[in-house]
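Student: This is the structure, below, for whatever I ask next.
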């Protein structure tokens, strides 16, 4: 079967964009399956550095068709801005398509996202305030507006009128905010429809044909497994499933079509926003890693929280994704550390556990049990063969493989395509 799922094994920001960019040169399709523009993928290639939030990372290969699947929520302004920037920098975007079943992020979603976060006060979830959560709420409450609706003016106005009647009640009576104008948002949607019309497709048929022709398809995940609404650190997570199984729903295929699931892990842990993170480093070591790695959110610009590699969480991620192989990124960041720790278990209420608790309150109480390993204190950035890595670096990789139960097929020692070592 020709479908490979690429998923994040931690809390997102693992380097999936680079991995997709690496593998897309041999693919026919790259399909984004979840999230929205709350996710940011940084890609560095011969054309320069690009920060993508909604368009799949395979866009830099002219022969690759890029699809934004039905499982993604789309802010048309963000898509149009991103598409136009790519065009201005010489990238061919003629092969970028959007599922007509994908839901829209509308102005009231963004407004409500901000108002809801403010209302939570010091218990805020740390959302990106881009309207992603409210858009998914509407999707499942049957109040969403879909991309295909933009091409049906009469139906679109009817839907907007129905939805705004409810949204304006919330805005005015709960938050004492100004109501949204039906005429204004309708006109905006009509403009979006004209802009997006060349990109909108019934994509499930395209993907079905591609599979029947044995084309190579990459399912590009967003965020990471530990943010999943079912298996992540609920409620401190995302609104759609970043798991490989979520990819099947997010592009419209059955699980039997997926031949491989590739998990992406950083050599250490990072997280943005609220929620428990057992291995978080609140000391100089954390600051050193953050500064060396420039760990600031692609989407929000917020400093990322830093921690040691959490093998308990990593093993859980491998399990719930059914990972067949993995890639480790940012190994080079560890070059400067004399000693490196790996979390192999947790202590919870005086007992040693080796599972990832479902309750965020319990996870917050977990104390990491560490195994310390020697660092290598030399640069790996120019290494191109696995055997040429320092012995301590290979020992670190090998130990993580054993702890999470998944082999690494490659290791990344820098942001460019060339800085990748295949095992």
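Note that the numbers count up from 1, one per residue, in the order the chain is shown.
Cβ atoms are placed via backbone N, Cα and C, with glycine included.
From Swiss-Prot, for reference:
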- 12-18, 40-42, 304, 330-332, 412-414: GTP binding site (BINDING)
- 13, 14, 15, 16, 38, 39, 40, 41, 128, 142, 223, 238, 302: IMP binding site (BINDING)
- 13, 40: Mg(2+) binding site (BINDING)
- 13: active site, proton acceptor (ACT_SITE)
- 41: active site, proton donor (ACT_SITE)
- 298, 299, 300, 301, 302, 303, 304: substrate binding site (BINDING)
Student: Compare the C-alpha of residue 41 (active site, proton donor) with the C-alpha of each of the binding-site residues 18, 302, 331, and give the closest one.
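Tutor: Nearest by Cα distance to residue 41 (active site, proton donor): 18.
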Student: Return the residues near residue 331 (GTP binding site), defined as same-chain residues 6+ apart in sequence whose C-beta is under 8 angstroms from its C-beta, sorted by sequence, else 'none'.
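Tutor: In sequence order, the residues whose Cβ lies under 8 Å from that of residue 331 (GTP binding site) (at least 6 apart) are 267, 380, 393, 397, 411, 412, 413.
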Student: I'd like the Cβ neighbour count for residue 13 (IMP binding site), meaning other Cβ atoms within 10 Å of its Cβ, all protein chains included.
Tutor: 28
Student: In the three-state scheme derived from DSSP, which category covers residue 38 (IMP binding site)?
Tutor: coil
Student: Under DSSP, is residue 15 (GTP binding site) part of a helix or a strand, or is it coil?
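Tutor: It is coil.
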Student: Just going by other Cβ atoms within 10 Å, which of the binding-site residues 12, 15, 301 has the emptiest spot?
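Tutor: Counting other Cβ atoms within 10 Å of each of the binding-site residues 12, 15, 301, the minimum falls on 301.
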Student: Can you name the residues of this chain that are 6 or more positions from residue 304 (substrate binding site) yet have a C-beta less than 8 Å from its C-beta?
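Tutor: Expected: 13, 270, 271, 272, 290, 295, 296, 297.
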Student: Using the residues the record lists for IMP (13, 14, 15, 16, 38, 39, 40, 41, 128, 142, 223, 238, 302), what whole-number Å value is the largest Cα to Cα distance?
Tutor: 34
Student: Select one residue from 40, 303: among these binding-site residues, choose the one with the most other Cβ atoms within 10 Å of its Cβ.
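Tutor: Highest number of other Cβ atoms within 10 Å: 40.
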Student: Which residues, sitting 6 or more apart from residue 18 (GTP binding site) on the same chain, put a CB under 8 Å from its CB?
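Tutor: In sequence order, the residues whose Cβ lies under 8 Å from that of residue 18 (GTP binding site) (at least 6 apart) are 42, 43, 44, 329, 412, 415, 417.
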Student: Quick one: give me the count of other CB atoms within 10 A of the CB of residue 128 (IMP binding site).
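Tutor: A count of 22.
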Student: Going by Cα-Cα distance, which of the binding-site residues (12, 15, 301, 303) sits nearest to residue 128 (IMP binding site)?
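Tutor: For residue 128 (IMP binding site), the spatially nearest of the binding-site residues is 301.
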Student: If we check Cα distances from residue 15 (GTP binding site), which of the binding-site residues 38, 223, 301, 302, 303 wins as closest?
Tutor: 223
Student: In Å, rounded, how far does the Cα of residue 40 (IMP binding site) sit from the Cα of residue 12 (GTP binding site)?
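Tutor: Here the two Cα atoms are 9 Å apart.
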Student: According to DSSP, folded down to helix, strand and coil, what is residue 223 (IMP binding site)?
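Tutor: Its secondary structure by DSSP: coil.
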